[in-house]
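Notes for the one structure printed next.
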Amino acid sequence: MTDIKEASKVDAHHEEGALEVLEASSRAAQFEAAQHSLNRVDAIKANIKPLAWCMYMFFICITWGFDGLAGGVVTSIAEFRKDFGFPYAGDYVVDANWQLGWLGATLFGLIFGGLATGIAVNRFGRQPCIATGFILSIAGTFVQVFAATPAQFFGGKLLTGLPLGCFTTVAPTYASEMAPLPIRGAITAGMNFAIVLGQLIGYGVMREASFYQGSLTYRILFSTQWGFAAVGLLVLPFFPESPYWLVAHGRHEKARANLVKLHDDSYDIDGNMAEIHESLARLNQENESQGSIAECFNRDNWKRTLVATSVFFIQNACGNSWVIGYMSYFMQLGGMSAAKSFDTTVGLCGLMVVGNMCGWVFVEKFGRRGTALWGTVTLCIVLFLIGILASVPTDNAIWGQVACMALWSFVYQATIGSAAWPITAENATSRLRAPTQSLATMMNGLSSCIWSFALPYAINPDQGNLGGKIAFVFGAVLVFASVFIFFMYPETKGRTYIEIDQLWSRGISPRHFSRTELVTVSNENVKEI
């Protein structure tokens with residue numbers, strides 16, 4: 001037997017100096033040892049082609065940010081209000097019920113799209129799902145561009161919402177399976193970078209479109225999505241399916257062929273195949289097939305599903321829809337002109353992009369658990385500070401709130417905004433990664449619904465009139481969220497999927513994952529691939 005040790009400390013409930021022994025075939029053990037020995041530069045050099053396809057997944061997620069931004073800010077375009085609203089006090093306004101309806105259509109599309117994709121991926125794979133998503137995006141964009149009534153625009157928002165659920169279900173799972181271990185967290189966290197980048201592009205397109213006249217000011221904003229779909233469909237025929245999915249569906253030779261195509265001759269194809277087989281079959285004996293959504297809730301998996309889905313609930317419960325959506329509103333309350341507040345918001349969006357890039361470093365340096373935990377604690381403190389400033393009866397206090405909102409935006413993107421994606425992808429078993437991501441997408445949409453519909457009634461002066469004091473509500477939620485993360489979220493940084501599965505299955509406390517030493521031993525009785 002050959003011992004391969006991963007340096008860390010022993011789990012607290014074990015006797016000091018005790019080890020967790022993990023058996024694996026010799027090929028899988030050698031491959032995992034090689035993965036642990038790689039530095040980041042070598043990992044990138046050895047995986048250029050797989051990482052290029054991860055970038056493609058980033059690209060399709062840009063649509064999420066762009067469509068969400070376009071649907072939210074379009075009501076600020078005067079020509080859109082004129083075409084879809086009614087005269088009021090010398091201007092045009094869009095009926096609030098239709099605004100909520102359009103938001104609801106996008107969120108319903110997101111939820112249903114995530115559910116449908118979770119089922120479809122299991123049967124057909126990612127390529128047909130992505131193709132269907134782009135076709136729906138093209139159709140929905142067509143309806144939005146040429147809509148003449150609010151009802152027609154509603155139909156367009158529903159159609160473009162479905163691909164959002166599709167793309168955010170297939171992209172992070174694919175990236176986590178294709179990325180090498182030393183940079184797996186940073187690559188998966190890049191999904192959020194793509195979303196923020198999409199928002200920034202949306203602001204830029206909207207600004208340029210404002211120089212046109214008539215309905216072009218908003219139709220250009222929507223028609224830009226055709227460009228994303230065109231590029232995505234042009235590249236899609238060359239898309240290589242993940243070897244994990246192929247092995248799970250019995251297509252072993254195709255999985256091997258994809259690995260050969262994606263790597264050079266020095267790459268350990270046999271070792272990678274052995275590792276994939278064992279990660280799929282280890283917790284289900286000889287069954288390597290893909291699991292179902294129902295299986296995510298069984299006795300062995302419900303805690304892992306809870307961790308994977310709760311992180312998106314926490315994302316929405318920490319106030320992202322309020323801070324990002326209402327920042328411009330608060331600036332105008334402070335006396336800033338609408339045009340200047342818009343430009344400032346664009347600048348802050350750029351700051352969020354930088355924050356997300358910092359998140360790539362944080363998830364690898366401080367880990368997924370550490371980034372999520374300390375980020376949530378920091379956001380909680382900033383939110384309480386905003387609430388306190390909102391309670392101060394002075395005009396200048398509003399600028400303190402705006403400054404804190406800018407700080408919040410940076411911290412959010414650098415921590416929980418980035419860490420959520422690797423946390424979800426890495427805590428599911430290899431068999432249940434796609435259905436678990438589907439559930440996480442639905443949780444994202446459902447929790448977003450709650451706050452998106454509640455905020456106008458809580459904030460508006462003619463309703464709850466909480467204004468900036470709503471930050472106390474979000475801060476209070478994050479107090480409980482921080483405690484939940486401390487006890488329930490494991491550290492998966494530097495762990496292969498086989499190791500993560502074993503730590504969960506052996507009942508190691510999630511907060512002690514990083515302190516548990518695993519000794520991988522080569523066992524010739526384990527099936528060689």
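Using N, Cα and C of the backbone, Cβ positions are placed for all residues, glycine too.
Look at TrEMBL and you will find 53-78 (among others) tagged as transmembrane segment.
The feature domain 'Major facilitator superfamily (MFS) profile' is assigned by TrEMBL to 53-493. Looking only at the domain 'Major facilitator superfamily (MFS) profile' (53-493), the predicted model's pLDDT averages out at 88.
Residues of the same chain lying 6 or more positions beyond the ends of the transmembrane segment (98-121) and with a Cβ under 8 Å from any Cβ of it are 67-68, 71-72, 75, 84, 128-129, 132-133, 150, 153-155, 157-166, 168-170, 245, 293, 434-435, 437-442, 444-446, 448-449, 452-453. What TrEMBL records for 98-121 (among others) is transmembrane segment.
Per TrEMBL, the feature transmembrane segment maps to 128-147 (among others). Long-range neighbours of the transmembrane segment (128-147) within the same chain, counting only residues 6 or more positions beyond its ends whose Cβ lies under 8 Å from a Cβ of the stretch, are 60, 63, 84, 113, 117, 120-121, 153, 155-163, 166-167, 169-170, 219, 222-223, 225-226, 228-229, 232-233, 236, 239.
For 186-206 (among others), the entry in TrEMBL reads transmembrane segment.
A Cβ distance under 8 Å defines the sequence-distant neighbours of the transmembrane segment (226-247), meaning residues of its chain 6+ beyond its ends; these are 53, 56, 59-60, 62-63, 66, 121, 125-127, 130-131, 134, 137-138, 141, 173-174, 177-178, 254-256, 258-259, 261-262, 272-273, 276-277, 279-280, 288, 290, 430, 433-434. According to TrEMBL, the transmembrane segment annotation covers 226-247 (among others).
Within its own chain, the transmembrane segment (345-363) is flanked in space by residues 185-186, 189-190, 192-193, 196-197, 199-200, 203-204, 207, 324, 327-328, 331, 371, 375, 406, 409-415, 417-419, 422, 493, which lie at least six positions past its ends and keep a Cβ under 8 Å from the stretch. The annotation transmembrane segment is assigned in TrEMBL to 345-363 (among others).
As annotated by TrEMBL, transmembrane segment applies to 372-392 (among others). A Cβ distance under 8 Å defines the sequence-distant neighbours of the transmembrane segment (372-392), meaning residues of its chain 6+ beyond its ends; these are 311, 314, 318-319, 362, 366, 400-401, 404-405, 407-408, 411-412, 414-416, 419-420, 423, 467-472, 474-475, 478-479, 481-482, 485-486, 489.
Only residues 6 or more beyond the boundaries of the transmembrane segment (398-421), in the same chain, are considered here, and those with a CB under 8 A from a CB of the stretch are 172, 185, 188-193, 196, 311-312, 314-315, 318-320, 323-324, 327, 330-331, 333-334, 348, 351-356, 358-360, 362-363, 368, 371-372, 374-376, 378-379, 382-383, 385-386, 389-390, 392, 468. What TrEMBL lists as transmembrane segment is 398-421 (among others).
Residues or ranges marked as transmembrane segment by TrEMBL: 442-459 (among others).
Within the same chain, residues 303, 306-307, 310-311, 314, 317-319, 322, 368-369, 372-373, 376-377, 379-381, 383-384, 386-387, 390, 423, 458, 510-511 sit at least 6 positions outside the transmembrane segment (471-489) and bring their C-beta atoms closer than 8 Å to a C-beta of that stretch. For 471-489 (among others), the entry in TrEMBL reads transmembrane segment.
Residues 91-92, 94, 99, 102-103, 106, 130, 133-134, 137, 157, 160-161, 163-164, 167-168, 170-172, 174-175, 178-179, 187, 190-191, 193-203, 206, 210, 217-218, 221-222, 224-225, 228, 231-232, 235, 239-240, 262, 325, 342 of the same chain, all 6+ positions outside the transmembrane segment (53-78), place their C-beta atoms under 8 angstroms from a C-beta of that stretch. Panel annotation: around the transmembrane segment (186-206), residues 51, 54, 57-59, 61-70, 73, 77, 168, 171-172, 175-176, 179, 220-221, 224, 345-346, 349-350, 352-353, 356-357, 359-361, 363-364, 413, 417-422, 425-426 of the same chain, lying at least six beyond its termini, place a Cβ under 8 Å from a Cβ of the stretch.
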